[in-house]
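Data first, discussion second: the structure below is written as C-alpha cells.
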Amino acid sequence: MEYRKIKDEDDHDVASDIESVKGKSHTVASSNIAMATLGVGSSERINWKRKGVVTCALTILTSSQAILIVWSKRAGKYEYSVTTANFLVGTLKCALSLLALTRIWKNEGVTDDNRLSTTFDEVKVFPIPAALYLFKNLLQYYIFAYVDAPGYQILKNLNIISTGVLYRIILKRKLSEIQWAGFILLCCGCTTAQLNSNSDRVLQTSLPGWTMAIVMALLSGFAGVYTEAIIKKRPSRNINVQNFWLYVFGMAFNAVAIVIQDFDAVANKGFFHGYSFITLLMILNHALSGIAVSMVMKYADNIVKVYSTSVAMLLTAVVSVFLFNFHLSLAFFLGSTVVSVSVYLHSAGKLR
C-alpha cells in the first residue's frame with residue numbers, strides 16, 4: 001500500500017511536469033505566432049508607407065513637370081533641342097542611380113543584389129522598353145500634323161485603357177469588375193476634364209491621326225507594363241542597379257534620336273543652344289520623375305502609376321489658375337469628380 005501511494009505520487013508529479021512543459025510549449029508557440037504576425041504587420045506597414053511616399057512624389061513631380069515645360073518655352077516655342085534635353089535627363093538618371101549605389105556599397109558592402117555587374121541574360125531585356133519609348137516619342141512629333149495640342153491631350157487618354165488591357169495580358173494580373181469600372185471612369189474623367197471649345201475637332205481627326213494615337217497608346221502601355229515585369233522579375237535586386245541599366249540604354253537611344261532629328265541644328269548651334277535655368281530645372285524634374293516612376297513600378301504597379309499621373313494632370317490645372325490665369329471650366333469640375341469616384345472604386349475593388 002505504501003509502495004502504491006508513493007507510485008501514485010510520482011505519477012502525479014510526472015503528469016504535473018508534462019502539463020507544465022505543455023503549457024510552456026503553448027506559450028512559446030503563441031509567442032512565436034504573435035512575433036511572426038507582428039513582423040508581417042510591420043513589413044506591410046513599411047511597404048504601404050513606401051508606396052505612399054513614391055506615389056505622392058510622382059504625383060507632385062508630374063504636376064510640376066508640365067508647368068516647367070511651359071516656362072521653358074519662349075514665344076510659344078522651344079529654343080533648345082528637346083532631344084538633347086532628353087539625353088541629359090537619361091544621363092542625370094544614370095548619375096543619380098550610381099550615386100545611390102555608391103552610398104549603399106559604402107554602408108552595406110557589395111552583395112549579389114546590389115552588384116552593378118550582371119549577366120547578359122539579365123541585361124538583354126533592358127533595351128526593349130528604351131526602343132519602344134524612342135518610337136513612341138518619334139511618333140509624337142508626327143501626330144501633330146493631324147491633330148492639334150488639345151486634341152492630342154485627349155487622345156493620350158487611350159494610354160489608360162491600353163495599360164489596363166496589357167497589364168492583364170502580359171502580367172496575368174486580374175482587376176476586379178469594380179476596378180475595371182473605375183479604370184474606365186478614370187479615362188472618361190480625364191477626357192471630360194480636358195474638354196474645351198475646340199474639343200469637337202478630335203472627332204474630325206483623320207484615319208492616320210487615329211492610327212498614330214492608338215499605336216502610341218499601345219507602345220506606351222506595353223513599355224510601361226514590360227518595364228514593370230523586368231523590375232519585378234527579381235524582387236531582391238536593388239532598384240538602383242535596375243534603373244542604371246534601363247537608363248544606360250535610354251541614353252543610347254536618345255543619342256540616336258539626336259542624330260535622326262536634330263543633328264544639323266546641334267552641329268551648327270551647339271549642344272546647349274537655347275538652354276536656360278528653367279530648362280535645367282525641367283531636366284532635373286524629368287530625371288527625378290523617371291526614378292519615381294520606376295520605384296512605383298517596383299513597389300506598387302502600373303495601375304497606381306496611371307492614377308498618379310491622372311491626378312497630377314488635375315493638380316497641374318489647379319496650379320495653372322494661379323500661375324497662368326487659367327480658367328477652370330464646368331467640364332473640368334465634372335471630370336475631376338469622376339476621377340475622384342474612380343480612385344475610390346479602385347481602392348474599394350482592392351479591399352474586396
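Every residue gets a Cβ built from N, Cα and C, even glycine.
Predicted, not measured: the structure shown is a model, and the values here were computed from it.
The membrane topology recorded in Swiss-Prot places Tyr80 on the same side as Ser310. Long-range contacts of the transmembrane segment (82-102) within its own chain (CB-CB distance under 8 A, at least 6 residues past either end) are made by residues 114, 116, 137, 238, 240-241, 243-244, 247-248, 250-251, 254-255, 257-258, 261-262, 266, 271-272, 279, 282-284, 286-288, 290-291. Taking the topological domain 'Lumenal' (232-238) as a whole, pLDDT averages 89 in the prediction. The transmembrane segment (239-259) makes no contact with the transmembrane segment (175-195): fewer than 3 of their CB pairs lie within 8 A, with pairs spaced 6 or more apart in sequence. When Cβ-Cβ distances under 8 Å to the transmembrane segment (277-297) are tallied for each of 52-72, 175-195, 211-231, 314-334, the top count falls to 52-72.
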